[in-house]
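Asker: Before anything else, here's the structure in question.
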Amino acid sequence: MTIRILAEGLAFRYGSKGPNIIHDVSFSVYDGDFIGIIGPNGGGKSTLTMLILGLLTPTFGSLKTFPSHSAGKQTHSMIGWVPQHFSYDPCFPISVKDVVLSGRLSQLSWHGKYKKKDFEAVDHALDLVGLSDHHHHCFAHLSGGQIQRVLLARALASYPEILILDEPTTNIDPDNQQRILSILKKLNRTCTILMVTHDLHHTTNYFNKVFYMNKTLTSLADTSTLTDQFCCHPYKNQEFSCSPH
């Protein structure tokens, strides 16, 4: 099995004297993994994803990403990122196509002009998320579920080898939750996925392993009893949805 991400003794804190946000975190992510990242608020889930994305630098330890030799990609373009929140001005008439096209910025040449391959990547990404007929729709007029799918398409426009998502099914209706999870399941055939979530009931069956983050990391390879285990967790009332809606 090919390693895609390797972390050893990872720790992070803000400033030289601040408390560790995470500490002693070690894990491996392999090609084809679909990993759920769970844990209480303040447990370090977001910090971990920022470290993987290269937006934060470890205070101690090491974290390495390994692109495939055939891809020839830099780290910043081998990882696609779908944030939980996307700030935009609802009065600005940006189209779905332009939002997805922004996912190609890391691929632009020095003169900064989009080429035919960039527009083809947008078409392909929108087709993957089932929005191929929404190119010219106004982004601000979409439903919550459609917005999440557009953000997923934006991440897919760079043809990433690794996809990281921060609670992509939060605050959207059950039909769109299921649609997004089904899309991710198909994408997992060719893409390694890490997904932060609080919703164990609807997502557990999609994961082949789970990372539980609460300052440090526990890797759980067997997800078959995961829901029962964490329904008894003291954070369940604030954090985890373990029963059907």
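Using the three backbone atoms N, Cα and C, a Cβ is placed for every residue, glycine included.
The feature ATP binding site is assigned by Swiss-Prot to Gly39, Pro40, Asn41, Gly42, Gly43, Gly44, Lys45, Ser46. Summarising the annotation, Swiss-Prot assigns domain 'ABC transporter' to 5-240 and lists sequence analysis as the type of evidence.
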Asker: Specify the count of other C-beta atoms within 10 Å of the C-beta of Gly42 (ATP binding site).
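Answerer: The answer is 12 other Cβ atoms.
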Asker: What is the set of residues, excluding Gly39, Pro40, Asn41, Gly42, Gly43, Gly44, Lys45, Ser46, whose C-beta falls within 8 angstroms of the centroid of the C-beta atoms at the ATP site?
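Answerer: Apart from the listed residues, the neighbours are Thr47, Met213, Asn214.
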Asker: Considering the binding-site residues Asn41, Ser46, which residue's Cβ sits among the greatest number of other Cβ atoms within 10 Å?
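Answerer: Its Cβ has the most other Cβ atoms within 10 Å: Ser46.
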Asker: Determine the minimum-neighbour residue: among Gly39, Gly43, listed as binding-site residues, which Cβ has the fewest other Cβ atoms within 10 angstroms?
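Answerer: Taking Gly39, Gly43 as the binding-site residues, the minimal 10 Å Cβ count falls on Gly43.
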Asker: So what sits near Lys45 (ATP binding site) in its own chain, CB-to-CB under 8 Å and at least six residues off in sequence?
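Answerer: The list for Lys45 (ATP binding site) reads Ile37, Ile38, Gly39, Val196, Met213, given in order along the sequence.
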Asker: In the structure shown, with every protein chain counted, which of the binding-site residues Pro40, Gly44 has the densest set of Cβ atoms within 10 angstroms of its Cβ?
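Answerer: Ranked by Cβ atoms within 10 Å, first place goes to Gly44.
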